[in-house]
Amino acid sequence: MTKIYEVRGVRIGEGRPKIIVPIVGKDKKAILEKARSFEGLPIDVVEWRVDFYEDVFDISKVMDTLNELRMVLLEKPILFTFRTKNEGGEKEISMEEYTRLNKVVANSGLVDLIDVEIFSGDEIVRENIENIHGANVLVVGSNHDFHQTPEKDELLRRLQKMQEMGADIPKIAVMPQTPADVLVLLSATYEMVSCFADRPIITMSMSSKGVISRMAGEVFGSSMTFGAVGQVSAPGQIPVEKLECVLDILHNAM
Ligand SMILES: O=C1C[C@@](O)(C(=O)O)C[C@@H](O)[C@@H]1O
């Protein structure tokens, strides 16, 4: 049986894939304005991509912006993500600082999920996961390849490693060169959920070639999908209203 997580009333791992929308503002004003614009849109979870924030290395400013973000978003679940330069993010960060940031944010009680890049060194990753779980926050394990799609066995190995390390929701995003690569990602997703996973996973094939993977999660086994309101945080994200429409068509057909 696959686990289901209930996060502020959103049931992850069940039914229609949940829509996550990133906030990629550079300053507090832009971040809060974007959050306000979400009212009434079909969004289940908001991701704050804090690596885009110009004051991200000042923890008191991060906390101040996060406090206000929580006030704007009310009961909407927040996924907190520092995407490192290595994995396609905006900024470099030392692992010590990454760990400290995630710990302070986890302990604040203001966020519901935190992204941890699993291939950053086992010891430091374990420390991150322990800190985050200690604060009763869920860990989204992550890995990105912005150049290619690894073989299916390698995708399965990475997703299983995330699960073994204790990530509550393993997630992988890869780049297709051909439509066959998209099939590899979908096939790995299906095999992972049918043979190995005891928890929800998230997968996507990026860019225009991979768009189908952002819509077909309910068919192949991806529990959440990233959509856009304005600026995207990765290639291939489609506007949330269109995304919702396709997710509903597939859901109602199943
Ligand atoms: O890990 C992911 C997935 C993502 O890269 C995507 O392809 O939609 C977008 C990122 O903002 C997020 O942190």
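For all residues, glycine too, the Cβ spot is worked out from N, Cα and C.
3-dehydroquinate is bound by E47, W48, R49, R83, S233, Q237 in TrEMBL, and the record lists one more residue there from R16, R100, R199, R214, which is R214. With respect to ligand 1, the binding-site residues W48, R214, S233 contribute S233 as residues with a C-beta closer than 6 angstroms to one of its atoms, given in sequence order.
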